[in-house]
Amino acid sequence: MWSRQRMRHKPLWALISLTVLLLVLDKSNANTEPVETSTTSEPDASPGCRAPDVRFTIVKPEATTEQPLAKFETTQIYLPEDFTTADVEFVDSVPRHPNENHAAVINPYSLDLGDDHLHVGDAAASLVGDDDLGDEDEDHHGDPEDKRLNANRKQGKRRRAGSGRRRRIENENGQTGRGRGSRYKRHAILHDTEASPETDRWAGSKLAAEGDVYYVHIADILKSREPNRELKSKLHKLKMKARLNKCLAEGGKEKCTRLLKKKPKKKVVEKEQTLKKEKKFPKEEQSKEKVPENGQTPKEDELELDHPETAAAHHRRRGDSHAAELDQRDRSPRWRRRRSTEFKGDLGQLPPESGIGPEPEPLADQDLKDLQQYGNQSSSARVALLWQRVKRKSGKTTGALSRPKGGGDSSSKTTSRKDKGIYDEEAGYTPIHPDDPEFDEEEEEDEEVDILQQFTEVSEIRFPGEIGPMGDRRLCKIRCVKGKWVGPLCATNEEDDNGNVKFQPLYKSCHVNRIPSHLLLSYRNISVTPIPPNRGWRKTRLSKSTLLSNTEINVGWDLPHGHSLQARCQELGIYKLLGESRVLCSNGLWAPRMPSCVPTTVLTNYSEDSAPSIRIKIFNGSHSFEPSGVMAVPPHSTVLMDCMYPRVRGTPEWSWTSWYMQYSTGWSPAQEEKAVRYRLSIKNIENNDSGTFTCTSPRGLTNSIAVVVATSTCPQLTEPLAPLKLRLEGNKLGQRAHYECPEGFRLDGAWNATCLASGNWSSPTPTCHAIQCPRLELDDPHLSLIELNTSAWGRAVFKCQWGFKLTGPAQLDCEPSGVWSGPVPRCKVIQCVMPVAPLNGRIGGTSLSQRRLTVGALVTFSCNDGHSLVGESSIICTENGQWSHSPPFCKSQCPYPGDPPNGLIAPLKFNYDAGDYLSVQCRPGFVQSYEGPPERPKCQPDGRWSGPMPKCKSYEEV
């Protein structure tokens, strides 16, 4: 199998090999990097797109584009001009709040069963997709994100793996002619096994509003002989309930009255009458069965029972896989009684308590309960009900959107969701049941509804797609952007930081890393050459909208797929273009390669290996160099083209494409020019002179100038808005408009524009923007700005945190050139000098352990015994880097010795300085007594007294 597939895609493998070779060559080219694709933020999705048509779409590539081989069951999509690439979040769950809706998965209803071996219950379950099996009425919050992703991958794997088995089963059952679409499950109706025909709820969609899902009891519908018609009748009544419920909720009596008086369409009435006739009481059917005995003509239903083969063929044409079971049921009268359920109540009237119009017939109890139930639902649920008003006139089901029918073989047939038929790439659509007289698109017409009103909340739809020659299946989607569907965007193998799948467009854009030197690129006759750095160059990313609004864009942009650029050299004749003048972006590659410009003789010192240069002079008129590299001149001008080649090496040769024209050639007559200028002269040039003029050197190297004679008048330019200034030469061919901005402003765009032969200016009017100095990068965490003005002549004022000081200018000025007057300053920590410990003293403090005495550091001083501190005992480091006080010193002192008994010491002090004397005064009756010579105690420098204190003794002791 693998070998057959490889042989089948052998040309494709060759094309892939060639593409890889081109990629390697392009990477070796230092000028461009076309393979890289940049991922930019996708335009924000905005609800409000019209309901897309469900159809089978085969992406048709351009002639020069490698075929992506992608097929989608999706909508007809449109790509806005300003859309390039996308990197959007993977959306799996359905939001539950109207303000949070960003995605929707909307499923059609259908009863085309694909497995005839299933019984009724299994057949009903086959209508439920893997995503729908877990949906219960009370659980609308979805599974965790990882479970949803795993379920999505497993579901795609099952669809791929089971395709061959299903094909074999159908071949054995004779179902090969039914096409591919019926093999796959239709995700439409959810079967509630505990429900009954009286508790039916509408199914068929998960809307973006709140994701409400409604269930229908399918068992009786599947037992019906005409399940599609039975389902339509049931759904019609449910829709009528929703309409009445909405009418009652809004309280518009007049609107409800009009709803009552509104007559249903003729075909709808005929269907209802047909259903009522089929659903008669069994006794009436028994009485009808006796009609032939009375000689009357049997009814149509009895004729169908008499011809079960016809009914079976009818179901086979419709693709119903349970035709055999229906065969047996059609033969049994008991089957007709089983499907004779009558829906109670008339939904075309209001309850009596509404008080509107005449007295209507009361609703049945169950209908009243249902009506009350729907009345308690949110507005989004009522929108979900209204959404089901499908427009069937054109065979479309506008509510049927983007659910996979899938498949592995990209060339097989597929059944459209519109029941339009079986699609074949060669034969187109083939009707599913062309011989069915009961199938009529006009009979399926229902009430037309403005789908835009029900689709305003849907902004994104996802679907599976087959990518590549091997049918690789990926999750793809379309988004509503600016009122148009954008896409398809298909999932990549990468994930973002949150674990969500990344999406990218099917076609890759071309990335340009840098434009080759001296090469001018134009898009739609508008220059996209980068602005030189001295003119306020800044890096910009390019989209299609940017291309239209900016004339000169720096390198590093993307060109969307399918769009082309025009290329020419800056100075025609001085540089020679190597390559094509037009390059097309084709699925990430340039077709052909990006050209380059090579210098000629005047730039290479007349090297023999260089092509000759061509100098151009125009008299009696102006000229313009077109984006395609053509020189346009007005009629009746004189054109002189000089081939620059040394005369001593030989004589070059001029040739031209207009072979029937004759021009004079020869060396220039001027004395200073005749040594290197071989001239071709065209006097009074006319339209017949248009063509390509080539100069060939004696060594065979050539250089050409394409000339076209044209007359054009460009639109008159109005005076631009201040501060932009315009100096206009005129608006004829080749005349220029020069723009200028005053000092302090930067010109954004081209400095001049030339009137081209097309009648358009080469560049749009530029704009003046106030020069802004670049953003200041504050790397120092202690540095802050207290004033900032980045405009010209503005200033930036800096400040450091407390405890730090500036090293550098405290203020920078923004100069008119757009640069700052100096570098950004820095902050340096403030420190004080370590103080010296005093003599006979000590120094202390917690700041000493930090080894840095910064602002706020505290230092304390103390003295040894016998010494007293002179000065402040503690000092602090201030913001100017100085101590708050001078360091203290220690002075020697004698302590207070205490009063002797019966006496007093004089003078009385706490401490005594060195050299102080003490005297003792005794109390009356006592006299001083000395143990030695009578000397007074003296305080010595070491802090000790010279002798003991005198004692006071009584007269008796003396």
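Just so you know, glycine gets a Cβ as well, placed from its N, Cα and C.
Per Swiss-Prot, the disulphide partner of C952 among C922, C939 is C922. Looking up N605, N760 in Swiss-Prot, the residue bearing an annotation of N-linked glycosylation site is N605. A disulfide bond in Swiss-Prot ties C773 to one cysteine from C714, C814, C827, C832, and that cysteine is C814. Of the residues N525, N688, Swiss-Prot records the annotation N-linked glycosylation site for N525.
For C569, the disulfide partner named by Swiss-Prot from the candidate list C510, C597 is C597. C894 (disulfide bond) has C863 as its nearest neighbour among the disulfide-bonded residues C741, C755, C800, C863, C922, going by CA to CA distance. Long-range Cβ contacts of the region 'Disordered' (929-958) within its own chain (Cβ-Cβ under 8 Å, at least 6 residues beyond either end) map to 865-867, 892-895, 897-898, 900-903, 905, 912-920, 922-923. The residues of the domain 'Ig-like C2-type' (612-708), classed with DSSP into helix (H, G, I), strand (E, B) and coil, number 6 helix, 47 strand, 44 coil. The average pLDDT for the domain 'Sushi 2' (712-770) in the predicted structure is 88. For the disulfide-bonded residues given as C695, C768, the lowest number of other CB atoms within 10 Å of the residue's CB is seen at C768.
Counted within 10 Å of its Cβ, the other Cβ atoms near C922 (disulfide bond) come to 19, all protein chains included. Reported as a whole number, the C-alpha separation between C832 (disulfide bond) and C643 (disulfide bond) equals 79 Å. C863 (disulfide bond) falls within a strand when secondary structure is assigned with DSSP. Taking each Cβ in turn and tallying the other Cβ atoms within 10 Å, the top scorer among the disulfide-bonded residues C894, C952 is C894.
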